[in-house]
């Protein structure tokens, strides 16, 4: 028995010293002995055991199928030879000399596995041979999914490449960008391609960078989805989901008279998407009907985040040259740069009124005229209604007449008392007095939509509820429906 222990010890020393472990693939190689017995000399105690070439073998398998070690017992005699080498053996012991490697069968990977792992659309069409390639070598399943690994995997599928998308029609053009209707080869779905020209001296416009940085982190049923980003030397292309029209075109197609039930659904979705943005500390800052996209189902989505920005603290100073004039609040018109989420709520009130009446509430062409329209309906502010207003130099300069506030119901007769109350709470002079998006969507005006609509996950459409349906418009025009049966896409404002 002492001699056997000596043999085992020497064999172990030989295995450790005979060949190092290759770590080139990130994991140790599996080492085993060949089927043949160890052919040592007659006196194993005098010399180290010699292993014939080929007896040590390394097995390197793919990461996805780590080999399983199977020990097969060999009978060895007291002279150190196996029964294969010597037919006579007086004392038999079992020793795990022979090691055979057994590979697990490759993992079967499905399209659903890839979609879930990489957060891809369910209708994605993977390139030919991609599944077979992953079956042989599947790093996205065998390693933690780092940002770099995810980027490489998406590129292999076709994301980030211009050739993945087919341009169909030119929808509009701005100072820096052109928007095209397009089609994705990956999903066969329509997309909107916002192609931003890169000036060599200036690089990408800050509005484009801002839009990308914010949208890639905003995941909500009422916010337009950014599908892809393609960066070349000459352009930056943003690939958005395609929606049929914007709210301005919807109003035009309805003869400026939207069914009041649909007004309620659109307003709720606007508030729902905006409340999510504000929870993420993002201000849109450019709300207007042209930036609210609507599809055939009636889903409304916030778009064009070119002027949006992340809000760090409520008192941060921002530019007052934001928000299209008609939807700009009076405190911003008078030069205030001290604002937070309330800047968006004034615009919501203006859009609510426009949906209910079919006309803009304050259609001024200059800042002075815009303020005049506001004060003529809501009343000229005083120290009682707007503390500190008389110390505002711009306000004193304009020297507006002393208007008395008018009842909003007289201007929007289709609103009920709850609707008028909500509109009043949105159209407050001081931002701090305006109702928040979160509180506004819980207003009694929306009671008829039921309780379940408030419990939906962020990424679920309100139309997932069977009790929520868009009603047919009485005056809808069919001119916006092309021969394909899909309504025309209204281009998002591309001016930067």
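A Cβ is built for glycine as well, from the same backbone N, Cα and C atoms used for every other residue.
What you see is a predicted model, and the numbers here were worked out from it, not measured in a lab.
Residues 171, 172, 173, 174, 175, 176, 177, 178, 179 are given by Swiss-Prot as ATP binders; from 161, 185, 194, that same site also lists 194. Across the modified residues listed here (175, 380), the residue whose Cβ sits among the most other Cβ atoms within 10 Å is 380.
Residues belonging to the domain 'Protein kinase' (165-446) score a mean pLDDT of 88 in the model.
Looking at residue 286 (active site, proton acceptor) and residue 175 (phosphothreonine), their Cα atoms lie 17 Å from each other.
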